[in-house]
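To start, the structure itself, in structure tokens.
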Amino acid sequence: MAVEDSTLQVVVRVRPPTPRELDSQRRPVVQVVDERVLVFNPEEPDGGFPGLKWGGTHDGPKKKGKDLTFVFDRVFGEAATQQDVFQHTTHSVLDSFLQGYNCSVFAYGATGAGKTHTMLGREGDPGIMYLTTVELYRRLEARQQEKHFEVLISYQEVYNEQIHDLLEPKGPLAIREDPDKGVVVQGLSFHQPASAEQLLEILTRGNRNRTQHPTDANATSSRSHAIFQIFVKQQDRVPGLTQAVQVAKMSLIDLAGSERASSTHAKGERLREGANINRSLLALINVLNALADAKGRKTHVPYRDSKLTRLLKDSLGGNCRTVMIAAISPSSLTYEDTYNTLKYADRAKEIRLSLKSNVTSLDCHISQYATICQQLQAEVAALRKKLQVYEGGGQPPPQDLPGSPKSGPPPEHQPCTPELPAGPRALQEESLGMEAQVERAMEGNSSDQEQSPEDEDEGPAEEVPTQMPEQNPTHALPESPRLTLQPKPVVGHFSARELDGDRSKQLALKVLCVAQRQYSLLQAANLLTPDMITEFETLQQLVQEEKIEPGAEALRTSGLARGAPLAQELCSESIPVPSPLCPEPPGYTGPVTRTMARRLSGPLHTLGIPPGPNCTPAQGSRWPMEKKRRRPSALEADSPMAPKRGTKRQRQSFLPCLRRGSLPDTQPSQGPSTPKGERASSPCHSPRVCPATVIKSRVPLGPSAMQNCSTPLALPTRDLNATFDLSEEPPSKPSFHECIGWDKIPQELSRLDQPFIPRAPVPLFTMKGPKPTSSLPGTSACKKKRVASSSVSHGRSRIARLPSSTLKRPAGPLVLPELPLSPLCPSNRRNGKDLIRVGRALSAGNGVTKVS
């Protein structure tokens with residue numbers, strides 16, 4: 001236990017003047033300034049009342065100093081009550097007493113100063129001993145359920161330097177020194193009262209046995225020093241193998257007053273009693289002086305000069321919190337006694353005390369273990385019973401907050417629109433709740449999708465947007481304009497009463513309107529990115545599917561048809577790329593970077609989304625093949641890395657796949673639709689979805705990384721002899737508006753003015769427009785010859801974006817044959833006529849032919 005340093009607390013109480021002092025008509029020598037300051041022998045005011053005698057033969061100011069100021073911890077005036085003194089002395093000490101600290105309160109002063117009145121009181125006005133006992137038992141009863149208490153009391157007096165037991169009167173008792181208990185009185189009786197009333201009865205009986213004799217100074221003068229001690233032993237009620245026991249002692253001491261034989265006119269026995277009283281008080285003063293002068297030095301303290309000081313050894317300078325009550329008289333008749341009392345009280349303030357809680361750990365015997373276990377089990381059972389009562393009676397009913405996500409499936413009439421509170425963190429949490437509702441909606445409509453072939457084609461597309469908010473939750477909230485242009489059908493599913501009860505749905509509709517305006521502003525400023533467009537379409541598709549009830553397939557078809565203007569609007573900024581594999585409506589044709597490809601393919605591959613219905617085993621088996629990389633040449637090792645990230649590599653044509661019948665027949669486009677339908681029905685070779693211009697696809701080159709925004713950038717002139725690393729697999733997701741046939745090639749190429757850059761060392765065609773896809777077989781045989789290529793790519797391909805207003809889309813399909821990579825390749829000789837025909841077409845379209 002840590003040691004706490006403290007000082008002796010000193011309070012001063014000024015008693016009211018007695019009738020004898022009032023009759024003497026002497027001026028008071030004590031003036032109370034405030035609660036802590038008093039002035040001894042203040043200056044006499046000028047112009048006193050006539051007839052009053054302020055002087056005399058024993059007038060103090062003639063011998064002592066004037067106007068002395070004393071500061072104490074507390075000063076009580078003549079009007080102070082017993083309760084006031086108790087509240088500022090023993091009441092605060094009881095807190096430390098119950099924490100295991102020893103405490104002591106003693107009254108010091110001259111005879112007739114009011115010490116016994118302060119400590120004992122009278123019938124109608126009890127003193128500190130009575131009030132302390134009542135307050136102590138009140139606090140013990142308040143802690144009865146937590147701890148077990150035992151109270152012992154003893155009452156003794158020091159009369160003529162002899163110790164007597166006031167509760168069981170007998171002969172003088174000897175005093176002993178115990179190494180563990182300290183100073184003990186041999187043969188002193190200890191009593192254990194059962195209640196506060198019984199303790200007060202014991203105290204009253206002891207006071208009757210105390211020696212009191214009247215003197216000229218005091219009619220009820222105490223001729224002995226009374227010491228009333230209370231011992232409290234407390235320990236926790238929770239049993240254990242080791243228990244902490246606290247034993248504290250409180251001493252309430254009523255000292256006898258110092259007296260002068262000249263004033264008391266004592267003779268015989270009274271004179272001897274007065275001499276012994278003064279002797280013990282003188283020893284007490286010497287102890288106070290020694291303790292005050294110590295200040296950390298090890299000096300001798302004369303405790304053995306008197307039995308009183310031996311009994312008060314631990315209360316004055318030991319492990320005890322001590323309060324000294326100095327009682328004084330305001331009359332000048334006791335001028336010297338009052339001065340001495342104030343002087344010693346002021347000296348006692350410098351006494352420093354070291355406090356330590358008396359806590360002892362006791363180990364229980366092994367024979368008590370069974371009893372301790374039973375007590376612990378009984379306590380656990382009682383606590384469980386209380387807990388059940390509290391939980392049964394005090395549990396608040398669960399509140400259904402409108403913003404909290406529902407754990408059950410959503411109703412049929414409720415659209416899957418999340419509740420969107422304000423704040424970015426709340427928006428991110430709401431996107432997760434939207435995903436859970438979409439998954440439950442997908443499970444509920446799985447039976448309808450199996451019955452309809454159109455739903456089977458759209459099945460994979462419905463699963464893809466379910467996981468899209470996980471890839472970029474910060475962009476999962478904006479929505480396409482088509483979603484918010486139709487708020488009335490969504491609200492129509494609710495009745496008037498449900499709309500009044502669930503305002504969160506109205507809030508969701510307002511947020512969707514805000515998303516519409518954001519989408520329009522971003523599109524007008526050309527700030528839309530492919531991720532944002534995909535997420536807008538994802539949220540649009542989710543809300544549209546939630547609105548469609550089971551069995552309303554006609555509404556779903558019409559809903560997809562209404563999405564055509566939006567798809568055209570989203571794809572109007574990109575150039576359509578012809579390809580022979582365009583069996584589905586067009587989708588997004590913007591550039592897709594590697595980061596976008598990894599973000600799209602990673603989660604879908606992990607989720608195991610099945611391929612589309614058009615996938616064949618022959619095509620699906622080509623994906624697990626290991627990629628074949630071309631060894632870079634010495635010059636290419638020094639080229640910058642940026643152009644390589646946007647290049648592609650051609651391996652072999654996919655026209656033999658058409659001849660083998662592994663791909664479906666090309667059908668003319670019936671009209672544009674949303675990208676979700678196109679993405680669902682496009683050829684897929686694995687659960688992983690790859691964008692159109694990723695390095696593993698076969699579509700023509702897309703714009704560079706600097707052209708991801710819709711506004712074309714003016715790039716500086718770069719080397720056109722760029723080496724492109726194209727994929728060997730067919731595209732997993734064509735992203736074109738329409739399919740163009742062979743008969744439309746001259747017309748289509750005549751409108752394109754972007755330079756076309758094939759691989760060196762073959763004829764280089766500079767043109768406007770995208771690079772035709774490879775369609776001739778046998779290109780894989782030239783792989784070893786292309787390794788020795790010395791062309792270095794120092795620039796990027798510049799493919800201009802034509803505005804949507806100037807772009808005319810042919811209706812027929814366009815199928816371009818694959819250009820030979822080298823004129824020396826024997827496998828390409830049979831296609832010479834096709835090469836010449838394409839070259840003429842390119843020349844007719846303002847193309848420039850260069851032969852290396």
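Each Cβ is built from the backbone N, Cα and C atoms, and glycine gets one as well.
Long-range Cβ contacts of Lys115 (ATP binding site) within its own chain (separation 6+, distance under 8 Å): Ala107, Tyr108, Gly109, Ser222, Asp254, Leu255, Gly257, Ile325, Ala327. According to Swiss-Prot, the ATP binding site annotation covers Gly109, Ala110, Thr111, Gly112, Ala113, Gly114, Lys115, Thr116.
Residues annotated as compositional bias 'Acidic residues' in Swiss-Prot: 451-461.
Residues annotated as compositional bias 'Pro residues' in Swiss-Prot: 577-588.
Sequence annotations record features per position, and here Swiss-Prot assigns domain 'Kinesin motor' to 7-351 based on sequence analysis.
What Swiss-Prot records for Ser404 (among others) is phosphoserine.
Residues or ranges marked as phosphothreonine in Swiss-Prot: Thr417 (among others).
The feature phosphoserine is assigned by Swiss-Prot to Ser452 (among others), with a large-scale study or a structure entry given as support.
Look at Swiss-Prot and you will find Ser480 (among others) tagged as phosphoserine.
If you look up Swiss-Prot, you'll see Ser558 (among others) marked as phosphoserine, on the strength of a large-scale study or a structure entry.
According to Swiss-Prot, the phosphoserine annotation covers Ser633 (among others).
Here Swiss-Prot flags Ser639 (among others) as phosphoserine.
Among the features that Swiss-Prot reports, phosphoserine is placed at Ser662 (among others), with the record citing a large-scale study or a structure entry.
For Thr674 (among others), the entry in Swiss-Prot reads phosphothreonine, with the evidence type a large-scale study or a structure entry.
The annotation phosphoserine is assigned in Swiss-Prot to Ser822 (among others).
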Do you know the mean pLDDT across the domain 'Kinesin motor' (7-351)?
85
Give the number of CB atoms, excluding that of Gly114 (ATP binding site) itself, located within 10 Å of its CB.
21
Quick one: give me the count of other CB atoms within 10 A of the CB of Thr116 (ATP binding site).
26
Should Gly109 (ATP binding site) be counted as helix, strand, or coil on the basis of DSSP?
strand
How would DSSP class Gly114 (ATP binding site) in three states?
coil
Does Ala113 (ATP binding site) have same-chain partners at least 6 apart in sequence with Cβ under 8 Å from its own Cβ, and which are they?
Arg15, Gly257, Ala327, Ile328, Ser329, Thr334, Asp337, Thr338, Thr341
